[in-house]
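*Asks:* Have a look at this one before I ask anything.
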Amino acid sequence: MAPACNTLLFFLFCTFTLSIFSAASIHFHHPLDPLTLQELDQVRTIITASHHNLTFHYVGLDEPDKSIVVSWLAHRTTAKTPPRRALVIARLNHQTHQFIVDLSTHSIVSDEIYSGSGFPMLTFEEQTAANSLALTHAPFQASVSRRGLKMEEIVGLSSTVGWYGEEGTSRRIVKVMFCYLDGTVNLYMRPIEGITVTVDLDEMKIIAYHDRLMVPVPKADGTDYRESKQKPPFGPRLKGITVVQPEGPSFTIHGHQISWANWDFHLAFDMRAGPIISVASIYDAEKKEQRRVLYRGYISELFVPYMDLTEEWYFRTFFDAGEYGFGLCAMPLQPLTDCPENAVFMDGYVTGQNGTPVNMTNVFCIFERYAGDIMWRHTEAEIPGKLITESRPEVSLVVRMVSAVGNYDYIIDWEFLQSGSIKLSVGLSGLLEVRGTAYTHADQIHEEVYGTLLADNTLGAYHDHFLTYHLDLDVDGDTNSFVKSNLRKTLVSGNRSPRRSYWTVVSETAKTESDAKIQLGLKPAELLVVNPNKRTKVGNYVGYRLIPGSVVGPLLTDDDYSQRRGAFTKYNVWITPYNKSEKWAGGLYADQSRGDDTLAQWSLRDREIENKDIVMWYTMGFHHVPYQEDFPLMPTISGGFELRPSNFFDSNPVLKVKPPRQVKWPSCPTSMSGLP
């Protein structure tokens, strides 16, 4: 692109960015706004005034009761904002404290000591301290010397350890594993196998050391993914491409409230969940009213069990949100590569181990997507003498975050369509977790190695990714029901048709939680959340349906300790009655948990869910068999699902949507070389 055009683009981007956020300078609180920098600092001041030498593991909004928020939304011009409260999870004297802090009264209103199984999220600081401690351990240094490696090129990585049937109170520990640099920044491709250092995090001391075996460290050659380190031959270079909105974006941001086209929703950042979408509603032009769709939606847990049974690997069954913090691992998004040129960015805040607030820059990007897709079209050629074609371009709004949890980069998109659909997608990229081996060719392998040979001395381990979404749908109100519409094959009897069979729809409304546990793929069905108190003009219940992507479920046995902790993945769909305390599918305290506080356990109560305020939990996933194309860095693999209006509107809501105006953009000189 010519420099003059770049200058013009920059001017327009800055101008429109200011207009998007112009109303944000007016200070007000939505009840679901995340805690501000000042509020987080206030929380730290309040707690440390009476509690010393504690470590902060989670600080987030203690959200008001749903009824209070809904009432506030209905009377927001006159209603007072509910008192702001914070939920704080901290460790003090080997105990887990759960505080509720009232910011309006500057006081601690609750301080409970948790005595059950499991521990809070790890902090970055304690992981760094454990890794450094291991590197200074004399037996470890002797092991490094025996392998002929350089100490200054070694990086330690703290791994959570899960639970494998141990009785009684357990210590809060990690196992530190090691990787080698020396010629690459791709440390995950150079594991140092056979060494395990176990660290007690509360005592910050080494309690076990094991050097079991020596295998070659994979070579550094060909593992560095940085552009500056690549050598010819290169792939073909495409000509420049950009997304330009000369009139500026069509969305506005007021604090954390985002309005675009017919959608209105709230976006918040949480250090455990990452993006939280709340109070999403859509404007119905025919009814001339804003209609509720989703009260609250977010990723509740990510369960990543590896299938390698060797001593240094069997315990690698990670809960990426509950153990490491999906939001805590969010990375600053890079303009023009992570997000397109027309994106607008938002920051988020987390707290460090000492309670000090930390600004996470560019944690979200919001942009309008137009990729040449078609929203709807039809060509009518059956009318004699006429050819009628109508088509509308698909423009959507995307909210994006990227979380780099260790070796994996998760690209999380919430996409809002003018048709009323919400598409949720996950992209997996980053680096495989590989095991060092003596093998250099597949023909040498005559044993179970739990993975694929990707390069010399490099095995890519088999593993899963399960992402469980918490979706509190409020379809035209908060009293909803779950309907499973089975597609049933029916035989034709008698002579009423030349056909021998057809299929029809037989619907079942779930009465209790046990009726709504669904393993997808067993038989065809439509899964809907409907409002049994609202009907369309022709008498159908208004609703939204789940359109799953690829169907993936766990392959582990129910009694496997890892699966007991991850039992919430057994079914793709669960429906529970709304309960403010039931937020985290793997339990509030996921580290070293025992599966006794999970979605699977809550649902055993078999509560009533018909015509109630209900929550849908949906688990999507990937079985990852590594291939050589995943080495040394993985091209993104994506999956997702859709929430789609189903008899929610009386007719096609985008029939009358006007396409974006065609605005002529000043021509920029481009190279025409190579064109015919």
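Cβ coordinates are placed from backbone N, Cα and C, and glycine is handled just like the others.
TrEMBL labels come from automatic prediction, so no person has curated them.
Straight from TrEMBL, here's the annotation block:
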type	residues	note
SIGNAL	1-19	signal peptide
DOMAIN	30-112	domain 'Copper amine oxidase N2-terminal'
DOMAIN	120-217	domain 'Copper amine oxidase N3-terminal'
DOMAIN	242-655	domain 'Copper amine oxidase catalytic'
ACT_SITE	Asp320	active site, proton acceptor
ACT_SITE	Tyr408	active site, schiff-base intermediate with substrate
MOD_RES	Tyr408	2',4',5'-topaquinone
*Asks:* When secondary structure is assigned with DSSP, how many helix, strand and coil residues does the domain 'Copper amine oxidase N2-terminal' (30-112) contain?
*Replies:* 21 helix, 29 strand, 33 coil
*Asks:* Inside 10 Å of the Cβ of the residue listed as 'active site, proton acceptor', count up the other Cβ atoms and send me the figure.
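*Replies:* Total other Cβ atoms inside 10 Å, all chains included: 24.
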*Asks:* Between Tyr408 (active site, schiff-base intermediate with substrate) and the residue listed as 'active site, proton acceptor', what C-alpha distance do you get in Å?
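*Replies:* Per the Cα atoms, Tyr408 (active site, schiff-base intermediate with substrate) and the residue listed as 'active site, proton acceptor' stand 10 Å apart.
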*Asks:* With DSSP, how much of the domain 'Copper amine oxidase N3-terminal' (120-217) is helix, how much strand and how much coil, in residues?
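*Replies:* Its residues divide into 28 helix, 31 strand, 39 coil.
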*Asks:* Compute the average pLDDT of the predicted model within the domain 'Copper amine oxidase catalytic' (242-655).
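*Replies:* Overall, the domain 'Copper amine oxidase catalytic' (242-655) comes to a mean pLDDT of 97.
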